[in-house]
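K.L.:
Okay, so TrEMBL annotates it like this:
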type     : residues  : note
TRANSMEM : A:6-26    : transmembrane segment
TRANSMEM : A:33-50   : transmembrane segment
TRANSMEM : A:56-76   : transmembrane segment
TRANSMEM : A:88-113  : transmembrane segment
TRANSMEM : A:133-152 : transmembrane segment
TRANSMEM : A:182-202 : transmembrane segment
TRANSMEM : A:222-244 : transmembrane segment
TRANSMEM : A:256-276 : transmembrane segment
Amino acid sequence: MNAYVVTVATLVAIQSIVACGLNVVVGYAGQISLGHAAFFGIGAYASALLTTKAGLTFWTALPLVIAITGLVGLLLGIPSLRVRDDFLAITTIGINFIVEAVFLYVPFFGGALGIGGIPRVTFFHVKMKGLPYLYLCLAFLALVLLVCRWFTRSWAGLACFALREDETAAASMGISPVRFKLLAFVLGTAMAGLGGALYAHFMRFISAGDFSFPVSVMLLSMVVLGGMGTLWGPTLGAVILVSLPELFRPLLEIRFLIYTLLLLLMIRFQPGGLLGEASLVRRVFSRLMPGKEAPR
Amino acid sequence: MLLEVNRLEISYGDVRAVHGADFAVAEGELVSIIGANGAGKTSILNGIMGLVPVRNGTVRFRGREITAMPAHRRAHEGIRLVPERARVFPRLSVYENLLTGAYGLRKKIPLEERLRWLYGLFPILEERRDQPAQTLSGGEQQQLAIARALISDPKLLLVDEVSMGLMPKLVDQVFDLLQSLNRDHGLTILLVEQNARASLEISHRAYVLETGSVVMEGPADDLLDDPKIQRAYLGLVEEEVERRQ
């Protein structure tokens, strides 16, 4: 594999991790979020600061990074207890702008210059770059997918699904809306934190613009495109949305036009996402391999 | 008394849905609240379940005041609601819907045994076990909603307009089932119904609700024989009312 392909693949793996986290919030618990990039950024900045300023290694910083992001996710998840749907979407957009502004204007976070000189991840004294780093990201992605799979089969996952379907009915079944919305926010933002840390040590230079509102839109597009609430959907969405702009690179300006058109077509014809219920992919799969369940 | 409701007031903005309703349900009773559309029947059940804020008055369950308790805690206390129009979780399978009813109780109830009992009561649910609940017919969804509430072995079952949208044959079946749950299994039920005759026929006692207040109460048999009730809620014409006196 040449370096370019490895770079794109690494970004796909990182974005998949972050999109999986968003899927926990949006797909499993039904809480719309258009500010997920904020948590991606919090993870990246936390890891960057802990390794450059506090002198920790990636591995010792990682548990802290995940804890910090999850904790901030818990605090910023509180609005979701009071507002719903469009209002929650707007609130989460606001969170994204505030977090980005903090990174941009507070000198501690490097201001407009961002943070540079972020060390590479070392693994048994070997500096990881290129292919080994891709494998590391894929290993973390596998871990995230396992956690998602476990979550969807747990009682907590069932409680989140019930909340997504009908909050009132769920509450009268003894499911606490507060507890499970916040649980989904913590789990989802912690995954974003992990993705952020991997991103920081891959790029080795980060600035506030990397985690701006359009990134949140892109992440939500990945989840919607792949199929909200499915296991593999966010990863598939990340593969498509990260690699398509690369494939269309020769088309220069109009590549985003094509990209937008694809999204619109998806919304019109496959609202459940590529791996959603009764989607084209699932129907083709069941025709090709009768009796076998398509991946979800 | 298992459930005591005093001077209950519920409003939505300036609209008063319930004002000053008093009623009680004893353990082992099947009590119904009958009334026309908009009389405040659903609001009363939602107030007992904790799904709408109570403006004034108190709700006591097993001697404890629960007026300010959130809905999910009331569910843990043993109150369960079969909501109007079932409100099953549409994209979850029938089995998952049933499990949500047992949430937080897996150590307290023999889950497998409860499931077997429910599948015995509602064979269609076992047949459709892995289907999304939204693919069920209205009657099947209503059965699922009842089963989902029953799996927790509730102390008080609130049933909201269970006859709505069901075909007459199914209405009879559902009412027979509620009666047998009450008589044979000792389940306490508070039933809210527009179908006054069907609910009075299986109830021990009943309250008549008009524009948010209780206007009449008594043993269900007495209400069935009351000319006013016959005219207003049982749809009898004048000659029939006289003939029955």
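Note that Cβ sites are derived from N, Cα and C of the backbone, with glycine treated the same way.
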K.L.:
For the transmembrane segment (A:88-113), name the stretch out of A:33-50, A:133-152, A:182-202, A:222-244, A:256-276 with the most CB-CB pairs under 8 Å.
P.N.:
A:33-50
K.L.:
Taking residues 6+ outside the transmembrane segment (A:33-50), which of them lie with a CB under 8 Å of any CB in it?
P.N.:
18, 21-22, 25-26, 56, 58, 61-62, 64-66, 68-69, 72-73, 76, 88-89, 91-96, 98-100, 103, 109, 115, 118, 188-189, 192-197, 199-201, 206, 208, 210-213, 215-217, 219-220
K.L.:
Are there at least 3 C-beta pairs under 8 angstroms linking the transmembrane segment (A:182-202) and the transmembrane segment (A:6-26), leaving out pairs fewer than 6 apart in sequence?
P.N.:
yes
K.L.:
Which listed stretch (A:133-152, A:182-202, A:222-244, A:256-276) has the most C-beta pairs under 8 A with the transmembrane segment (A:56-76)?
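P.N.:
Top-ranked stretch among A:133-152, A:182-202, A:222-244, A:256-276: A:182-202.
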K.L.:
Taking residues 6+ outside the transmembrane segment (A:182-202), which of them lie with a CB under 8 Å of any CB in it?
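P.N.:
Those are 10-11, 13-15, 17-18, 20-25, 28-29, 31, 33, 36, 39-48, 51, 58, 61-62, 65-74, 76-78, 80-81, 115, 118-121, 133, 136-137, 140, 144, 147, 151, 156, 160, 210-211, in sequence order.
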K.L.:
Any residues 6+ beyond the ends of the transmembrane segment (A:256-276) with a Cβ under 8 Å from its own?
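P.N.:
Residues packing against the transmembrane segment (A:256-276) from afar: 221, 223-230, 232-233, 236-237, 241, 244-245, 248, 282, 294-296.
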